[in-house]
Ligand SMILES: *[C@@H]1O[C@H](CO)[C@@H](O)[C@H](O)[C@H]1NC(C)=O
Ligand SMILES: *[C@@H]1O[C@H](CO)[C@@H](O)[C@H](O)[C@H]1NC(C)=O
Ligand SMILES: *[C@@H]1O[C@H](CO)[C@@H](O)[C@H](O)[C@H]1NC(C)=O
């Protein structure tokens, strides 16, 4: 019964309406509910597009769920329900507030908009990516004992599913789409908590040039962070995105690779290059190597003519506390770079795969 505490917004228009009615009927069955919890069962919630009909390729749709704020849930895995013929990518955003209270809206960077729907960001407040799928990627099972804490007293009160439709060939003749993710979750508190740190830059890439977009942040919280997956994100100009742990030993920086990827490959979470820990006083650093053959300046922004430079670190911590810090952003070029920020001994292979 726990599954039914995840509630679709806009219930009357949703196929989950009937689930909700079922929940209302069985809500008094407390004994059965408690029993399921004791068994530590992993339950599944279908977070799928509500049979939408995207009309054009490159459409981005978002659909949200609200999570019961009286119950703590722990997501321990994500099982995709999509094919690369239809979906270019899917992202799950944890939100404090969803971008819209519509059932479906236009969302995301570079979006082709469906004029019959509103446009909004995936989240209005407290946005964090908790899962990314692309290119027929397999399921993501978090490491044993690790869960994303959602609902209850957590900062994630909503989850928004975003699907970027690559092709709409399948939908001619009125076939509808239910791409999405099956969330694997439990109400049993997990001993380790999953979190995501998003690194990125502002700035610009000059015409016909190679530019490094860099960021770095010192960890100021008294927590030990175990990165286990990373994701890179740029638009067309990104060639290599790399992320590092940097520790200072006798004024000399030691760099250890967390992950490095060609952002033109499927932008999903990949396992880290090294199992390392980050703790107070360590620095995390990321670089996007951008190559522009354009005759104009490219700026950071949301359209396909703009760029983005992002490196995501998915990590776990012991106990219930993830980092309060969710972002590490710099102004990017020409204002910010690593060496101006007094990082030294920069790895020579930070821009090569
Ligand atoms: C999603 O899963 C259902 C079965 O649960 C299946 O019928 C449907 O084709 C799947 N959709 C996609 C887009 O893979
Ligand atoms: C990191 O640890 C995980 C889990 O123990 C293991 O599966 C993986 O191979 C390790 N990765 C590296 C690069 O050592
Ligand atoms: C970093 O910025 C400084 C000052 O703008 C510049 O002199 C230096 O060449 C830059 N370093 C790199 C590696 O881009």
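Just so you know, glycine gets a Cβ as well, placed from its N, Cα and C.
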Among 290, 308, 314, which residue does TrEMBL annotate as binding Cu(2+) together with 88, 89, 164, 233, 235? 308
Cα separation, residue 88 (Cu(2+) binding site) to residue 107 (disulfide bond) (Å, whole number): 14
Alpha-carbon distance [residue 235 (Cu(2+) binding site); residue 95 (disulfide bond)] in Å: 24
Take the Cβ of residue 95 (disulfide bond) and count every other Cβ within 10 Å, whichever protein chain it belongs to. 23
Compared by Cα position, which of the disulfide-bonded residues 62, 217, 288, 309, 328 is the closest one to residue 88 (Cu(2+) binding site)? 62
For the disulfide-bonded residues listed here (62, 107, 123, 288, 328), tell me which residue's CB has the most neighbouring CB atoms inside 10 Å. 288
Taking the Cα of residue 288 (disulfide bond) as the centre, which of the binding-site residues listed as 89, 164, 235, 308 lie within 10 Å of it? 308
Quick note, residue 217 (disulfide bond): same-chain residues at least 6 apart with CB under 8 Å of its CB -> 199, 283, 284, 325, 328
